[in-house]
């Protein structure tokens with residue numbers, strides 16, 4: 001779905017059947033095909049409050065998510081609708097509509113809490129939908145937010161400093177939007193007009209008092225303010241006062257609805273399309289459709305096993321799958337590019353190695369782009385090994401191509417020579433001189449042939465070796481030569497053969513040196529790109545930590561200004577810990593990166609430093625090539 005999904009209607013993503021949550025595999029298959037980044041908008045709220053209408057409007061449809069026209073809740077579980085994003089190219093908008101909270105027909109109310117928590121975990125923009133006003137009752141109905149500390153974990157194990165795990169929610173929680181339907185009040189505070197956002201923030205202020213009822217009432221307010229740093233509010237008038245139209249609102253054209261409601265709905269939709277963020281995990285990991293599917297499966301499996309969905313565990317699960325795919329993607333890219341760019345046989349080994357270096361550099365960049373949380377660079381090492389093996393295949397293919405091409409040319413050039421030998425044309429007085437002149441012409445013509453490849457000398461050397469016995473026979477039978485002249489000719493032939501063997505050995509040593517230099521270059525390129533990635537990840541981590549600190553400080557200062565000194569003081573330990581984390585990230589980056597790079601260098605050197613392994617592969621391969629393509633001479 002690179003060009004964007006074409007879902008004509010929503011599909012259930014998480015089924016809620018008999019108090020059991022199940023992931024719908026058909027929905028996962030749809031997400032698997034979406035490799036684009038996703039903007040995920042989820043809506044939750046009490047049943048029969050018009051959530052589905054808003055989501056249909058975001059999808060640009062009158063109908064889709066079931067609206068229902070009775071007091072029964074229509075939506076069960078979490079439903080999904082993937083549509084091309086209207087304003088972000090190459091992004092998919094994923095709309096999640098959840099079953100109504102507080103439905104008396106449902107059995108275990110715990111499922112409401114899980115649906116709420118899953119929506120928070122899966123989306124990048126979280127919409128809470130309620131009716132009439134944000135008052136004490138509305139906030140009490142939002143008690144699900146207070147349960148998130150029991151239903152979601154950031155880390156798989158408790159923090160050693162004892163600071164609550166929920167302090168890190170702010171680093172990965174979605175933006176929060178409260179939509180208030182059928183709003184009839186005036187937006188005023190103490191006689192002065194206020195904005196919708198100011199209305200929400202005023203409603204979220206804590207109430208003074210220490211009795212249990214006040215504390216219970218304050219808890220949802222406190223959780224929203226602490227967990228969701230970016231908050232927004234939209235109010236909506238009643239769509240129409242006509243009960244018949246309301247009962248069939250999915251069939252009603254917008255023109256039949258209240259103009260003010262239309263305007264408010266359009267403003268809301270425009271905000272979502274413009275400001276709803278791409279879904280990301282901690283440290284800036286971008287979520288695509290297929291990654292979203294993996295997250296959904298991981299979280300629901302955790303719920304069904306009796307565990308608490310944990311972001312850290314989910315990211316590890318996701319990384320295992322994604323990094324394996326990144327290895328394959330990068331290796332495939334390398335193979336495709338080499339196949340496209342290399343014309344076999346290459347004139348020199350260096351030409352092939354330069355092409356390899358360019359394709360490998362691009363493939364490493366692809367691996368880096370699509371991998372994350374590669375603990376101990378396990379997958380990078382797999383990628384390196386895979387690329388090294390593929391490079392070996394290309395080297396062998398290059399050698400084989402060179403052998404075939406050179407043999408074909410030599411067959412062609414030596415055809416006359418072989419026919420003359422068979423006809424006994426050189427078995428005459430002066431035949432040796434004639435034979436040598438013919439052979440020298442073949443050699444001159446052979447070296448004039450362009451792009452013979454890396455085995456040109458070796459193939460010709462084999463040709464010369466095949467002629468040794470023939471030349472000896474012609475020489476000894478040539479009655480025009482004296483014994484001394486024959487002896488001189490034999491010595492000259494041996495000397496020339498030794499020189500050519502020396503040239504061949506020199507070429508092999510040079511190629512071995514080129515291969516070792518190429519391996520060293522490959523190692524340095526891998527380390528350079530890893531270093532850049534580690535530095536970027538550290539910068540992203542630092543930004544997240546600073547954001548968490550600044551948000552926590554803002555909440556703390558708000559408590560103080562609102563007269564809650566005890567709450568202000570309770571947050572000191574939290575803030576101190578954030579500052580320590582930031583100091584560690586700032587000051588310990590160089591040793592940490594250096595240690596990682598040194599370790600990788602050692603391990604990759606072990607992988608790559610098989611010059612004998614790779615070069616031996618080449619040398620061994622040559623003898624097998626000659627067996628495979630036997631010389632006719």
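Cβ atoms are placed via backbone N, Cα and C, with glycine included.
The region 'GTPase domain (Globular)' annotation in Swiss-Prot covers 1-310. Among the features that Swiss-Prot reports, domain 'GB1/RHD3-type G' is placed at 35-277, with the record citing sequence analysis. Swiss-Prot lists 45-52, 67-69, 97-101 with the feature GTP binding site, giving similarity to another entry as the kind of evidence.
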So, in DSSP terms, is residue 47 (GTP binding site) helix, strand, or coil?
coil
Within the domain 'GB1/RHD3-type G' (35-277) only, compute the mean pLDDT.
86
Enter the number of other CB atoms within 10 angstroms of the CB of residue 51 (GTP binding site).
28
Using a 10 Å radius around its CB, how many other CB atoms surround residue 98 (GTP binding site)?
28
Local backbone state of residue 100 (GTP binding site), from DSSP in three classes
coil
Below 8 Å Cβ to Cβ and six or more residues apart, same chain only. Which residues does that give for residue 45 (GTP binding site)?
51, 100, 101, 127, 128, 129, 130, 179
Using a 10 Å cut-off, grab the number of neighbouring Cβ atoms around the Cβ of residue 47 (GTP binding site), all chains included.
21
